[in-house]
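Okay, structure first, notes after.
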Amino acid sequence: MKYKRILLKLSGEALMGDRQYGIDPKRLAEYADEIKQIHDLGVQIAIVIGGGNIFRGIAGASNGMDRVQGDYMGMLATVINGMALQGALEEKGMLTRLQTALKIEAIAEPYIKRRAVRHLEKNRIVIFGAGTGNPYFTTDTAAVLRGVEVDADVILKGTRVDGIYNVDPEKNKDAVKFDNISFEDVLKKGLNVMDTTAFTLSQENKLPIIVFDMNKEGNLLKICKGENIGTVVNI
């Protein structure tokens, strides 16, 4: 396998499937199947999930809610998603641990880097919830931060499009996809890969990012085997 340890970033919206809100059990089971394929081959897997299918702090702030309060609500939404994914993975026989940046000891371990790494070394899947534990930071930033901390080989950002394009492919049929692109070119072209904080953290730590279509069966396995899927962002 090309990658021994990965950090998989999933958006909360991805868990909605065809719904307008919440969690689609069918989509959850599909993702669990995809993850199981690489888990069974010995890939060490850490996961960060967003919470946008339940609540997004910045959206609450735009409607008059206190931003800090909204962000904490969003963190709790990621914990709900993490619990849902944990249940789906364990139903398929995979040992998992949910670690949260906020202490919620009845349902999750507190995030401790050394403990997370030990779990990964024992082939347990580790799901990181509650973002960074601080307001004003996105789950993309949390994903890169945790990826750097646990020494992941790569950040795999699963989305509903098959890579990075020069313009939005859902709005422009003439959009051109990049197979490989440098961090510098992403910034120069103003491409929307991750928020600036997350992206800069990844660049500074030379942690590559692969943006790919998580909804296409087999993509996750192909990437871990070294096939050219999605767009690779590298130094």
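Glycine too: its Cβ is placed from the backbone N, Cα and C atoms.
Copied from Swiss-Prot, the annotated features are:
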BINDING   K9, L10, S11, G12, G52, R56, T159, Y165, D168  ATP binding site
BINDING   G51, D71, T132, G133, N134, P135, Y136, F137, T138, T139  UMP binding site
Task: Fewest other C-beta atoms within 10 angstroms, as judged across G51, G52, which are the binding-site residues - done: G52
TODO: Using Cβ-Cβ distances, find the residues under 8 Å from N134 (UMP binding site) that belong to the same chain and are at least 6 apart in sequence, listing them in sequence order.
DONE: A101
Task: Spatial neighbour of G51 (UMP binding site) that is closest, considering only the binding-site residues K9, S11, T159, D168 and their CA atoms - done: S11
TODO: Enumerate same-chain residues with a sequence separation of six or more from T132 (UMP binding site) and a Cβ-Cβ distance below 8 A; give 'none' if the list is empty.
DONE: A101, T141, A142, L145
TODO: Would you mind reading off the Cα separation of S11 (ATP binding site) from Y136 (UMP binding site), to the nearest angstrom?
DONE: 17
- [ ] Work out how many Å separate K9 (ATP binding site) and T138 (UMP binding site) at their Cα atoms, rounded off.
- [x] 12
Open item on the list: Going by Cα-Cα distance, which of the binding-site residues (G52, T159, D168) sits nearest to T138 (UMP binding site)?
Closed with: G52
Task: Separation of alpha carbons, T159 (ATP binding site) and Y136 (UMP binding site) (Å) - done: 22
TODO: Return one of helix, strand or coil for T159 (ATP binding site), based on DSSP.
DONE: strand
Open item on the list: Taking only same-chain residues 6+ apart in sequence, whose CB is under 8 Å from that of D168 (ATP binding site), what do you get?
Closed with: A175
Task: Listed in sequence order, residues with CB under 8 A of T159 (ATP binding site) and six or more positions away - done: S11, A14, V211, F212, D213, M214
Open item on the list: How many Å separate the two farthest-apart Cα atoms among the UMP-binding residues G51, D71, T132, G133, N134, P135, Y136, F137, T138, T139?
Closed with: 15
Open item on the list: Which secondary structure state does DSSP assign to K9 (ATP binding site), in the simple three-class scheme?
Closed with: strand
Open item on the list: What's the number of neighbouring CB atoms sitting within 10 A of the CB on K9 (ATP binding site)?
Closed with: 29
